[in-house]
Structures are given as C-alpha cells and as structure tokens.
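Colleague: Per TrEMBL, the features are:
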- 29-292: domain 'DUS-like FMN-binding' (DOMAIN)
- Pro31, Met32, Val33, Gln85, His184, Ala238, Arg239: FMN binding site (BINDING)
- Cys114: active site, proton donor (ACT_SITE)
Amino acid sequence: MIGDITETKRCPAKDPVDLFRSGRVVKICAPMVRYSKLAFRTLVRKYSCDLCYTPMIVAADFVRSAKARDSEFTTNKGDNPLIVQFAAKEAQVLCDAARIVCPFADGIDLNCGCPQRWAMAEGYGACLINKPELVRDMVRHVRNQIDNPRFSVSIKIRIHEDLKRTVDLCQKAEATGVSWITVHGRNVEERHQPVHYDAIKVIKESTSIPIVANGDIKTLKDAENVHHLTGADGIMVARGLLANPAMFAGYEETPLKCIQDWVNIALEHGTPFTCFHHHLMYMMERITSKQEKKVFNVLSSTSAVLDYLNDHYGV
C-alpha cells in the first residue's frame with residue numbers, strides 16, 4: 001500500500017543492471033498474476049532468488065485509482081531489488097505509473113508477452129510485439145522522464161513466427177535504452193509446446209544488452225542447461241518456483257523448512273487464506289500422495305491448514 005510504504009521509502013540498493021555484470025547467471029522470479037506478491041517474494045529471496053517482479057499491473061488503473069494502487073502494489077525495505085511490471089499502451093500513462101513506484105522499486109518492466117485474450121483485446125501484452133515503434137516510444141518516454149539513472153526499464157516479450165521481426169524489435173528497444181529484455185521462447189499461439197531456446201540464442205547473439213530466458217524451467221539443472229543452450233544472462237522462472245520456492249538454492253523438491261518459512265511469512269503479512277492455501281498446494285504437489293492431496297486441498301481455514309501441517313509434517 002502506498003500509504004504504508006511511504007514510511008519505508010528507500011533509496012534503491014543499486015542499479016539492478018549491476019546484477020547482470022556480476023558474471024553469474026541472474027536468478028529471477030517471474031511476474032505471476034495473484035502469486036508473485038510481497039509474501040512470496042520474501043520467501044524466494046530467502047532461497048537464492050536474485051531479482052523479483054511484481055504481478056502485472058494495468059498502468060492506467062494504477063495511475064487513476066488509489067484503491068488499485070493499494071491493492072496491487074505492496075513492498076517493504078527488504079523487498080529489493082524489485083521490478084514492477086506494467087501493462088500499458090500509452091507512453092505517458094506508463095511514465096506516470098513509473099513515477100509513482102520509482103521511490104519504492106528498482107525498475108519497471110513493460111509487459112509485451114501476455115497472450116491472454118483480454119490483454120490482447122485491450123491493446124496490452126503480446127500484441128505490442130507487433131508495434132515496435134510504440135514500444136520504443138514508451139521506453140524512451142520513461143527514460144526521459146525518470147530522473148534516477150539507476151532505475152531500470154526492461155521489456156518482456158514472446159517471439160514472432162518470423163524471428164527476424166523479433167530481432168528487429170529487440171534491436172530497436174536496445175537502441176532506445178532498454179536495460180534488458182526477457183524472452184519467453186514461444187509465440188503468442190503456443191502454450192505447452194516446447195520452448196524455442198534456439199530463438200533466444202539468436203536474440204542473445206544479435207544484441208549487446210542482457211537477455212533473460214524464460215519458459216519451462218523447473219529445476220536448477222534446467223536453469224543451467226538453458227543458460228548453456230542460449231547464452232542468456234539471466235533465467236526467469238514462474239511455475240517452477242511455485243512448485244518449489246527453494247529451487248534456486250538447489251533443492252529438488254520443496255523442503256519442509258521452506259514450508260515452515262512460508263507459513264511464518266504468510267501469517268506475518270496477513271496473506272489472504274486462498275492465496276496462503278494455494279501456495280501450499282503447489283509446494284506440496286510433489287511431496288504428498290493422491291489421498292493426502294484430496295484431504296489437504298479442501299481444507300477451508302487457516303487453522304485447519306496449520307493443524308494439518310502440524311499433525312502430518314511437524315510444521
């Protein structure tokens with residue numbers, strides 16, 4: 001909530017681009033609707049996650065409505081480095097949103113990859129990969145209007161069928177001063193098809209800014225393999241971290257310590273029950289039997305969940 005975080009206003013620790021200059025692969029928690037909120041970001045940061053994104057926020061609503069700001073964006077002093085991801089289609093609206101979060105975050109990301117129909121119909125998300133001039137204009141406006149030179153401006157994209165168009169988009173964005181580009185290696189129509197890591201490699205070789213690879217990375221070994229396949233400077237993970245928030249620390253499945261940490265963090269942050277429960281359902285997917293899932297997944301209160309975890313796992 002903006003009202004609350006004014007008290008914890010912080011100078012960003014450092015330019016997030018410095019992470020990419022460290023010589024090691026940057027481990028990133030993806031923007032996930034409903035899930036990559038403050039409590040979950042706090043958890044993955046305990047387990048070797050270098051950089052976290054907020055869920056996608058519609059910039060126009062965020063600028064227009066204090067209620068939207070309070071519900072969509074919460075942070076604290078330990079929540080850094082932090083990238084706020086916006087859906088936008090107008091340069092000034094994106095700038096206004098960036099200006100609001102600038103004191104509380106380390107950068108913004110423009111969503112050019114969301115393939116959901118509602119987003120595309122509104123002119124947001126993946127339809128922007130077909131409008132390189134508009135993307136360039138939005139990046140340029142933010143660059144010109146935000147005084148802090150350490151504040152990053154990045155974009156997250158999907159690829160075109162014709163990869164030349166994607167390379168062109170990335171090169172135009174680079175020329176405008178984009179900090180890095182995250183590439184989900186699928187086109188707009190693809191959902192569960194194999195990720196085109198070869199396309200990410202071509203994009204990496206065609207640009208000189210950091211490139212982040214995204215898509216179907218479920219273990220630390222996967223992350224290492226994708227880095228070697230693509231040459232990407234960073235690895236962004238969504239579902240893999242939901243299933244195992246300790247993934248980047250090298251755990252094959254969610255350790256009980258991580259489940260205990262989640263319980264403590266979620267209760268401390270006042271996480272709504274549905275979100276608290278859903279995260280646990282994801283985390284326990286690999287460590288519970290079918291029968292246990294049937295019981296656990298229908299629990300309907302925080303106290304019932306806490307009793308279950310205590311009785312079955314000593315958490």
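Residue 1 is the first one shown; counting continues down the chain.
In case you wondered, yes, glycine gets a Cβ from its N, Cα and C as well.
TrEMBL entries are annotated by machine, without manual review.
Model, not experiment: these values are computed from the prediction.
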Colleague: Can you tell me how far the Cα of Arg239 (FMN binding site) sits from the Cα of the residue listed as 'active site, proton donor', in Å?
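Modeller: Pair distance, Cα basis, whole Å: 15 Å.
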Colleague: Which number gives the other C-beta atoms within 10 angstroms of the C-beta of Val33 (FMN binding site), all protein chains shown included?
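Modeller: Around the Cβ of Val33 (FMN binding site), 10 other Cβ atoms lie within 10 Å.
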Colleague: Which one of these binding-site residues, His184, Arg239, has the sparsest Cβ neighbourhood, judged by other Cβ atoms within 10 angstroms?
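Modeller: Arg239, out of the binding-site residues His184, Arg239, has the fewest neighbouring Cβ atoms within 10 Å.
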Colleague: List, in sequence order, the same-chain residues at least six positions removed whose CB sits under 8 Å from that of Met32 (FMN binding site)?
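Modeller: Non-local contacts for Met32 (FMN binding site): Pro55, Ala238, Leu242.
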Colleague: My understanding is the cutoff is Cβ-Cβ under 8 Å with a sequence separation of 6 or more in the same chain; which residues meet that for the residue listed as 'active site, proton donor'?
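Modeller: Counting only residues 6 or more apart in sequence, the Cβ neighbours of the residue listed as 'active site, proton donor' under 8 Å are Met56, Ala87, Met120, Tyr124, Gly125, Ala126.
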Colleague: Near the Cβ of Pro31 (FMN binding site), how many other Cβ atoms are there if near means within 10 Å?
Modeller: 25
